[in-house]
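Chemist: Sharing the feature lines straight out of TrEMBL:
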DOMAIN    46-135  domain 'PIGA GPI anchor biosynthesis'
DOMAIN    195-333  domain 'Glycosyl transferase family 1'
Amino acid sequence: MGERKRHRILMVSDFFYPNFGGVENHIYYLSQCLLKLGHKVVVMTHAYNNRSGVRYMTGGLKVYYVPWKPFLMQNTFPTFYGTLPIVRTILIREKISLVHGHQAFSTLCHEALMHARTMGYKVVFTDHSLYGFADAGSIHMNKVLQFTLAEVSQAICVSHTSKENTVLRSGLPPEKVFVIPNAVDTAMFKPAPERLSSHEIVIVVISRLVYRKGADLLVEVIPEVRFIVGGDGPKRVRLEEMREKHSLQDRVEMLGAVQHSKVRSVLISGHIFLNSSLTEAFCIAILEAASCGLLTVSTRVGGVPEVLPDDMVVLAKPDPSDMVQAIEKAISILPTIDPQEMHNRMKELYNWHDVAKRTEIVYDRALKCSNQNLLQRLSRCVFRIYI
């Protein structure tokens with residue numbers, strides 16, 4: 001590595017493989033690229049079903065599946081100090097120099113960051129989501145975030161909208177927060193060898209079927225065009241009821257949960273990718289679709305307008321009629337889209353190795369931050385609780 005400093009990094013989050021999602025993919029691909037740069041990377045997450053203990057993944061990535069079971073939305077039950085012994089053991093055993101926590105919703109992340117700072121380690125936090133300010137859940141979550149991030153060395157957000165949201169929610173100084181976007185594995189997501197026939201336009205949706213991802217909005221839009229829907233969740237029942245009500249069995253194909261290895265085969269079976277999220281910090285699914293050569297139609301929410309150039313996406317308000325108009329516009333410009341050219345542009349725009357190098361710079365800055373004594377730490381925490 002020449003003069004570059006080697007880091008020994010502990011990635012911590014409740015969200016990791018075998019569960020699939022944007023956070024899980026981010027941690028995995030970032031870890032793989034950091035390993036190639038010569039750093040030591042260890043991942044800590046909770047047990048998934050019978051997957052418990054220490055496992056090794058591609059590239060020698062070591063994963064600790066600690067024996068904590070999730071109790072709500074893949075989150076472990078908050079224990080405050082219950083995780084201290086195992087966090088301490090991993091930090092000492094692996095000779096960790098820096099702890100990197102992911103996702104504001106992760107209980108394990110918050111506890112690991114707190115314990116790591118108590119032991120004198122530098123910590124970095126990455127926020128992957130947007131959150132509100134008004135409802136009870138948001139107020140509670142923001143107070144937790146303010147307390148946890150009171151001593152964070154540096155923070156990372158995946159979009160400029162996400163940075164603004166995180167700074168307002170946590171009270172972090174803006175100069176401590178960096179914007180490093182997600183990326184896509186363009187070697188995995190390639191266009192179809194032959195261009196699809198435009199005789200029948202097919203729209204693909206791959207998403208968790210939950211309220212935040214706009215599943216209810218999807219119910220209002222689907223009757224107007226033909227869809228392939230991949231994904232599962234509590235809102236799947238509403239989609240199936242809509243399909244029965246409008247007798248759309250021949251025009252709406254419900255695939256259920258789709259394995260990540262099969263996402264490309266689903267994407268290349270369509271012409272347009274639809275994202276109906278009501279809130280989104282970045283949306284990796286849009287990158288995967290664009291890398292496969294699909295034109296994207298998306299709601300204009302959160303950090304989505306920052307993701308793709310204007311000629312690769314059609315944005316709409318989160319309203320059924322506006323979404324239908326956006327789809328009609330996308331259909332009209334489909335003949336001008338070259339899937340292979342779009343794929344080549346995505347190669348240049350988004351690269352995990354570039355993300356890893358930029359994250360490496362944040363790690364270097366974090367290790368240069370000065371340490372605080374116990375009284376300084378307590379005063380910052382108390383101040384954050386009461387602001």
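Keep in mind that glycine also has a Cβ here, set from the backbone N, Cα and C atoms.
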Chemist: With DSSP helix as H/G/I and strand as E/B, how many residues of the domain 'PIGA GPI anchor biosynthesis' (46-135) fall in helix, strand and coil?
Modeler: 25 helix, 30 strand, 35 coil
Chemist: Could you break down the residues of the domain 'Glycosyl transferase family 1' (195-333) into DSSP helix, strand and coil, giving a count for each?
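Modeler: Within the domain 'Glycosyl transferase family 1' (195-333) the tally stands at 59 helix, 26 strand, 54 coil.
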Chemist: Could you tell me the mean pLDDT over the domain 'PIGA GPI anchor biosynthesis' (46-135), as a whole number?
Modeler: 90
